[in-house]
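Read through the structure below, which is laid out as structure tokens, and then see the notes.
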Amino acid sequence: MGSGKVFLFSPSLLWSQTRGVRLIFLLLTLHLGNCIDKADDEDDEDLTMNKTWVLAPKIHEGDITQILNSLLQGYDNKLRPDIGVRPTVIETDVYVNSIGPVDPINMEYTIDIIFAQTWFDSRLKFNSTMKVLMLNSNMVGKIWIPDTFFRNSRKSDAHWITTPNRLLRIWSDGRVLYTLRLTINAECYLQLHNFPMDEHSCPLEFSSYGYPKNEIEYKWKKPSVEVADPKYWRLYQFAFVGLRNSTEISHTISGDYIIMTIFFDLSRRMGYFTIQTYIPCILTVVLSWVSFWINKDAVPARTSLGITTVLTMTTLSTIARKSLPKVSYVTAMDLFVSVCFIFVFAALMEYGTLHYFTSNNKGKTTRDRKLKSKTSVSPGLHAGSTLIPMNNISMPQGEDDYGYQCLEGKDCATFFCCFEDCRTGSWREGRIHIRIAKIDSYSRIFFPTAFALFNLVYWVGYLYL
């Protein structure tokens, strides 16, 4: 049944029906045997390949172990590369995963980064067909690592789940790459003079802790820092504008250190504060003007409205301050809220002034009427005497009386004549006459105009200047 067998048959066999069937069966059996032999050969080849694939890692693993043992033999991880010869150059790179949130109360922000450092260590050179050794974090403690620390960090956490998020690569020429993932709470001193229209540059500073610049030199591996998609960052009140990196030297008692800094430029979004503070303050001021259209004799209505608006402004001022640290200077929001409070308080004082002077005038009119009624009947008239109407006789009144009446207005008497009697006489000279009854009419024009001018100057000054 092998493939080398030869079958001889005569034409007479073809005419025999029985022998013809046997011949066909024989040919089919021969073909099936050839297929089985080929399948066995292919299985043998696959088995050989599988055996090679299984054995290859064992040989490779042994080579790596041998390389690592030879590199670490006599290696002192307490000494930096090229010590006593030249400074060790550290190339740094940062990939920003996310920024936020920013805490204005504690003046700090949170940032999640992948921090990479690259340097050359001639003690780690090796000769092998492998160009790079890809190692895990277990090898980190066995070689020299730069003592880089973040200078403005308040709290830093390395990620350990599910394993330490650290990476180590060693090239055959001695180049070492070390990366790790960090979450840092860094200081960011906010200047809140223009709050909530402020912009800030939050720094992230790092340098060597113990090696001055003549021992370690830091350099940026790339001219710019890479960042992830900012739309997933938890900045909330802030918008990410951009970033920039810089290098500077810090002069200290222990030496001169190279400081690497990344500045994250942020601008505050005004939407929250517009809804929570600015619009309520404006509406409260406008509401206080309603009292100018209420009858001046409606004392309870105008008084309650004025007091309510003043208390509302006090509450808004307190709420606006809760989202800020207790700074000693005036912010833009403080200025706006304070001016709104002044307008509301002035509206209340306007009615107090109006009510005071109108009440005095009513009392004076009542006294005059009583006096006239008493003098209208004279008990000592003789028969035949002529009766002269008293209303045609002007009562003697000196200029001191005018002065006394004007002085009742206290400071008002210095520049204004606050009573109708001040229209004439020497007290009228050099003074502006104000009709008390029309103070509400004046206020309806003055208060809205003054508030509109203030808003114009305020918003143009803080947004465009």
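Including glycine, each Cβ sits where the backbone N, Cα and C put it.
According to Swiss-Prot, the signal peptide annotation covers 1-20, on the basis of sequence analysis.
As annotated by Swiss-Prot, topological domain 'Extracellular' applies to 21-273 (among others).
Positions annotated as N-linked glycosylation site by Swiss-Prot, on the basis of sequence analysis: ASN50 (among others).
Long-range Cβ contacts of ASN127 (N-linked glycosylation site) within its own chain (separation 6+, distance under 8 Å): SER172. Per Swiss-Prot, the feature N-linked glycosylation site maps to ASN127 (among others); the stated evidence is sequence analysis.
Look at CYS202 (disulfide bond): DSSP puts it in a strand. Taken from Swiss-Prot, the feature disulfide bond covers CYS188-CYS202, and the record attributes it to similarity to another entry.
The Cβ of ASN245 (N-linked glycosylation site) lies under 8 Å from the Cβ of TRP220, SER224, VAL225, MET260, THR261, ILE262, PHE263, each on the same chain and at least six residues away in sequence. Under the heading N-linked glycosylation site, Swiss-Prot lists ASN245 (among others).
Taken from Swiss-Prot, the feature transmembrane segment applies to 274-294 (among others), supported by sequence analysis. With a threshold of 8 Å between CB atoms, the same-chain residues lying at least 6 positions outside the transmembrane segment (274-294) that come near it are 301-302, 305-306, 309, 312-313, 316, 319-320, 333, 336-337, 340, 343-344, 347-348, 350-351, 440, 443-444, 447-448, 451, 455.
Sequence-distant contacts of the topological domain 'Cytoplasmic' (295-300) (same chain, at least 6 residues past either end, Cβ-Cβ under 8 Å): 351, 354-355, 358, 437, 440. Annotation comment: Swiss-Prot describes 295-300 (among others) as topological domain 'Cytoplasmic'.
For 301-320 (among others), the entry in Swiss-Prot reads transmembrane segment. With a threshold of 8 Å between CB atoms, the same-chain residues lying at least 6 positions outside the transmembrane segment (301-320) that come near it are 273, 276-277, 280-281, 284-285, 287-288, 290-291, 294, 333-334, 337-338, 340-341, 344-345, 347-348, 351.
Taking Cβ pairs closer than 8 Å, the topological domain 'Extracellular' (321-328) reaches residues 104-107, 190, 192, 195, 334 in its own chain, all 6 or more past its ends. Under the heading topological domain 'Extracellular', Swiss-Prot lists 321-328 (among others).
Sequence annotations record features per position, and here Swiss-Prot assigns transmembrane segment to 329-349 (among others) based on sequence analysis.
Per Swiss-Prot, the feature topological domain 'Cytoplasmic' maps to 350-444 (among others).
Summarising the annotation, Swiss-Prot assigns transmembrane segment to 445-465 (among others) and lists sequence analysis as the type of evidence. Within the chain, the transmembrane segment (445-465) has long-range Cβ neighbours (under 8 A, six or more residues past its boundaries) at 194, 197, 282, 285, 289, 292, 332, 335-336, 339, 343, 346-347.
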Specify the count of other C-beta atoms within 10 Å of the C-beta of CYS202 (disulfide bond).
23
As a test of the contact definition, list every same-chain residue at least 6 positions from CYS188 (disulfide bond) whose Cβ is closer than 8 Å to its Cβ.
VAL102, MET107, GLU108, TYR109, HIS200, CYS202, PRO203
Please work out the helix, strand and coil residue numbers for the topological domain 'Extracellular' (321-328) from the DSSP assignment.
2 helix, 0 strand, 6 coil
